[in-house]
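Worksheet: one structure, shown below.
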2 protein chains.
Amino acid sequence: MERNIDMLIRHHGLKDKIVSAEEAASWIKDGMTLGLSGFTRAGDAKAVPMALVEKSKHDPLKVNVYTGASLGADIDKIMSEANIINKRMPFQADAAMRSKINKGDMYFVDQHLSHCAEWIRTNVWEPIDFAIVEALSISEDGMIIPTTSVGNSSIFVENAKAVIIELNTTQPLALEGLHDIYEAGPQGNRNPIPITKVSDRIGTIGIPVDPDKIKGIVISNIPDSPSTIVPPDEETQTMANHLMDFLRLEIKAGRLGNNLPPLQSGVGSVANAVMHGLLESEFTDLEVYSEVLQDAMFDLIDAGKIKFASGCSMTLSEEKLNQVYPNLEKYRDKLVLRPQEISNHPEVIRRLGLISINTALEVDIYGNVNSTHVLGTKMMNGIGGSGDFARNSRIAIFVTKSVAKHGAISSIVPFVSHVDHTEHDVDVIVTEQGYADLRGLAPKERVLKIIENCAHPMYKEQLREYYEEALKKGGQTPHVLEKAFSWHTNFAEKGTMLQEIKQHS
Amino acid sequence: MERNIDMLIRHHGLKDKIVSAEEAASWIKDGMTLGLSGFTRAGDAKAVPMALVEKSKHDPLKVNVYTGASLGADIDKIMSEANIINKRMPFQADAAMRSKINKGDMYFVDQHLSHCAEWIRTNVWEPIDFAIVEALSISEDGMIIPTTSVGNSSIFVENAKAVIIELNTTQPLALEGLHDIYEAGPQGNRNPIPITKVSDRIGTIGIPVDPDKIKGIVISNIPDSPSTIVPPDEETQTMANHLMDFLRLEIKAGRLGNNLPPLQSGVGSVANAVMHGLLESEFTDLEVYSEVLQDAMFDLIDAGKIKFASGCSMTLSEEKLNQVYPNLEKYRDKLVLRPQEISNHPEVIRRLGLISINTALEVDIYGNVNSTHVLGTKMMNGIGGSGDFARNSRIAIFVTKSVAKHGAISSIVPFVSHVDHTEHDVDVIVTEQGYADLRGLAPKERVLKIIENCAHPMYKEQLREYYEEALKKGGQTPHVLEKAFSWHTNFAEKGTMLQEIKQHS
């Protein structure tokens with residue numbers, strides 16, 4: 001799609017900053033720190049990182065790479081395979097990069113997504129040499145209009161020594177006006193964030209930037225990668241039903257009104273499928289205050305179920321994207337994209353009283369959740385925003401299938417091999433087996449609910465046996481520490497968590 | 001001290017509600033839920049719980065007991081010894097109660113202190129039959145004027161079916177005016193909390209209550225229990241010095257200004273001692289936004305070091321209390337006591353950008369913190385407000401001596417036996433050995449800092465050995481799961497975490 005450059009760069013005096021991606025990449029030196037736009041495959045800087053990888057082949061270098069969250073267009077893959085990354089923050093979801101991280105070839109700092117901006121603002125992370133952000137256009141007053149994500153772009157731009165803009169001509173111009181950029185300001189000299197409703201707009205439609213800081217503008221035509229979520233299956237549909245049963249009981253008990261609080265849903269297939277389950281439900285007038293707006297959100301908007309959705313990125317499958325992009329006008333008054341500091345801010349999450357739905361990797365019998373580490377050691381993707389939401393939501397729900405690898409792994413274990421969400425922050429567990437409402441329960445009250453309602457039948461007896469043995473040792477949270485990780489070591493040795501069940505004496 | 005009853009009950013028509021503690025206790029039936037005032041031995045309801053324990057001797061019953069935090073006057077001790085508690089929330093610090101909890105004789109729900117009010121407001125916890133709150137007086141317009149703590153008293157009073165007031169004649173009348181009671185309101189229909197400075201007053205000086213809900217007023221003369229913190233010792237002084245070295249380096253690096261952000265300090269001897277260390281320092285114009293105001297805070301006020309302190313309770317040693325009480329006037333413009341929902345609210349903590357200092361029970365080599373469970377199973381006191389502060393502070397510092405039980409226990413272990421604060425929330429570890437600044441570091445970068453800077457020399461080699469073995473297995477967070485808890489099991493079996501060091505091959 002050819003676009004008139006005057007439409008893309010409306011600010012006078014910036015057009016002469018257009019450079020090739022290769023030239024922009026040539027400015028990047030060994031040891032520098034880059035802040036790349038991009039959140040869950042949406043709105044990521046693409047051309048310059050690709051050119052940087054090419055350059056590195058004859059001019060080896062290492063850089064620190066900060067992003068909003070995961071990148072698309074194989075950027076994380078090619079950067080990690082080219083070994084150009086020293087340290088990556090705060091989230092990734094790429095198999096090649098994961099492998100490099102777990103081999104120890106690069107550092108990965110796994111951080112709450114709402115905290116990144118504070119780390120940058122207070123100069124705790126390495127200072128950013130170049131913010132490289134994808135944009136739809138540059139406005140008359142010099143604001144950078146983001147594309148499909150805001151993520152950390154605004155804090156990168158504000159704090160970087162220099163800015164490179166990738167004007168992406170494949171992104172629909174109708175995205176302009178969807179964003180709401182707000183800078184919280186320094187701690188200790190900051191006002192309350194004035195959001196009291198999901199739909200509140202509190203900032204500007206673009207990222208303010210000192211034009212002198214813009215070192216180059218690159219024209220790009222590389223589209224966002226479509227999302228890779230898999231469609232709902234029978235088990236995720238069952239999980240969605242359990243979740244809705246829980247919500248119905250809350251309404252019946254008078255703990256929730258008929259209009260649900262705003263919903264948040266984590267990234268990924270399971271959370272997406274669970275949201276999708278609301279389509280056929282009686283729930284209407286839904287509101288969403290989340291980070292990523294996935295397919296299910298747009299299906300729910302199309303069905304007239306969601307009246308407003310706030311996020312920091314939109315990541316759609318190819319099919320959904322082809323439906324949404326030509327009709328963006330119709331979503332205009334129902335969507336807003338904010339910086340991830342604001343979409344994930346504890347202040348707003350607590351004030352609005354969200355119901356949050358996030359994916360667990362494993363859960364233990366007392367309700368602690370591992371979201372990040374396979375067998376306690378290998379990084380999967382990162383905690384992302386799950387901690388931002390779970391800690392401060394009105395109801396923090398975690399969803400997981402009860403087993404993985406055809407039953408060789410139980411998602412319910414005696415002791416999670418890594419803790420991302422403590423017992424203090426986990427309210428409800430949902431698996432395809434059922435749900436466990438843990439709110440207001442002491443650890444020993446939680447155990448049986450989790451085992452009986454959520455564990456897979458093939459693991460229930462084994463879990464009961466562990467708990468019964470632990471119970472003999474006493475304590476607030478009984479454990480047999482010698483055996484706490486035996487399920488994981490069993491899997492590592494024998495390829496299954498299933499143990500031979502001993503007879504009760 | 002005799003006081004004119006008209007001074008204590010200034011509201012007309014409430015004087016005829018005066019009853020004996022025994023009569024008030026007679027209203028409490030088996031299965032009821034009580035909300036008792038009291039936060040860290042300060043401002044706790046005393047006479048009615050004592051009468052209830054007496055009554056239970058001939059009329060056995062079980063009740064749920066919610067409080068602000070720990071109680072004084074042996075109330076938790078006598079209630080648990082009388083076996084009258086079914087479930088206790090959200091914090092305790094009594095040896096007898098701890099024993100009952102760990103034996104499984106009562107349930108204990110260990111919760112973030114700022115979250116209690118939300119649980120009560122949303123009817124997730126059992127509804128409160130009686131709020132029993134200590135008061136200084138009842139104002140002309142019927143407000144309950146609290147004494148030395150606010151804690152959860154205001155949310156208890158608002159949500160209880162009925163209210164019993166204990167007018168405590170031993171508390172100094174000059175406490176009136178120190179409190180600032182603010183009700184956040186229901187989630188989803190709530191304004192920002194308008195605190196932008198530590199000293200902001202945003203509410204009323206007493207707890208509003210419908211006079212019809214007041215079922216009885218009991219006159220009490222049982223004083224608060226003095227705090228039991230032990231004075232600073234050489235090791236805590238060393239820890240305070242390390243902490244100040246860290247702060248000085250932050251200032252030198254330009255990451256902090258000369259005026260420190262507001263400080264929070266956890267309950268207990270170590271945190272108190274560390275605050276005490278500021279007395280001899282160059283730091284001035286300090287502000288405190290904390291939960292409990294302990295001796296050190298008042299020493300710092302007396303020394304002109306602290307210009308304002310906000311908390312939700314004041315808990316002093318007998319000696320300090322005798323200095324402070326006769327001179328309350330002099331502290332009037334330097335103190336405020338808020339509900340614990342507000343003193344510990346993530347919204348305010350994040351906005352003000354606190355430096356928080358809390359005590360760890362054990363820390364692992366990757367920076368996860370256990371604040372609650374001895375050997376992973378036995379409850380100590382509870383997480384208290386440490387999670388509220390650590391997650392949202394600008395800098396979350398945890399302090400612990402590097403060894404306990406004369407070296408038999410290392411506070412730095414391969415894998416903490418319970419996780420209350422995850423690697424995502426722990427910024428700086430301080431022991432008497434030194435400090436480890438973990439901010440912006442990947443797990444493998446953290447390990448050596450923690451081992452080399454914080455562990456006791458007698459455990460360093462053993463820690464290095466574990467890590468080296470783990471490192472061979474790879475991963476983002478290398479572990480030898482088979483041996484992760486071997487230090488704890490070794491202690492349980494042999495009374496020490498010290499193992500025989502094998503020769504390196």
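Quick reminder: no glycine exception, Cβ is built from N, Cα and C everywhere.
Note that the structure is a prediction, hence the values are computed from the model and not measured.
If you look up TrEMBL, you'll see B:Glu291 marked as active site, 5-glutamyl coenzyme A thioester intermediate. Summarising the annotation, TrEMBL assigns CoA binding site to B:Gly266, B:Val267, B:Gly268, B:Ser269, B:Val270, B:Asn381, B:Gly385, B:Lys405. Taken from TrEMBL, the feature domain 'Acetyl-CoA hydrolase/transferase N-terminal' applies to B:15-217. Annotation source TrEMBL lists domain 'Acetyl-CoA hydrolase/transferase C-terminal' at B:323-466.
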Closest of B:Gly268, B:Ser269, B:Val270 to B:Glu291 (active site, 5-glutamyl coenzyme A thioester intermediate), Cα positions, binding-site residues only: B:Gly268
Cβ atoms near B:Gly385 (CoA binding site) (within 10 Å, other residues, all chains): 28
Secondary structure content, the domain 'Acetyl-CoA hydrolase/transferase C-terminal' (B:323-466) (per DSSP, counts of residues): 55 helix, 38 strand, 51 coil
Across the domain 'Acetyl-CoA hydrolase/transferase N-terminal' (B:15-217), average pLDDT on the 0 to 100 scale: 97
Number of other Cβ atoms within 10 Å of the Cβ of B:Asn381 (CoA binding site) across all protein chains: 20
Fewest other Cβ within 10 angstroms of its own Cβ, chosen from the binding-site residues B:Gly266, B:Gly268: B:Gly268
Largest inter-residue Cα distance among B:Gly266, B:Val267, B:Gly268, B:Ser269, B:Val270, B:Asn381, B:Gly385, B:Lys405 [record-listed CoA binders, Å]: 26
Neighbourhood of B:Val267 (CoA binding site), C-beta criterion under 8 angstroms, separation at least six: B:Thr40, B:Ala69, B:Ala93, B:Glu291, B:Val292, B:Gln294, B:Thr315, B:Thr359, B:Gly384
C-beta crowding around the residue listed as 'active site, 5-glutamyl coenzyme A thioester intermediate', within 10 angstroms: 30
Fewest Cβ neighbours within 10 Å, where candidates are the binding-site residues B:Ser269, B:Val270, B:Lys405: B:Lys405
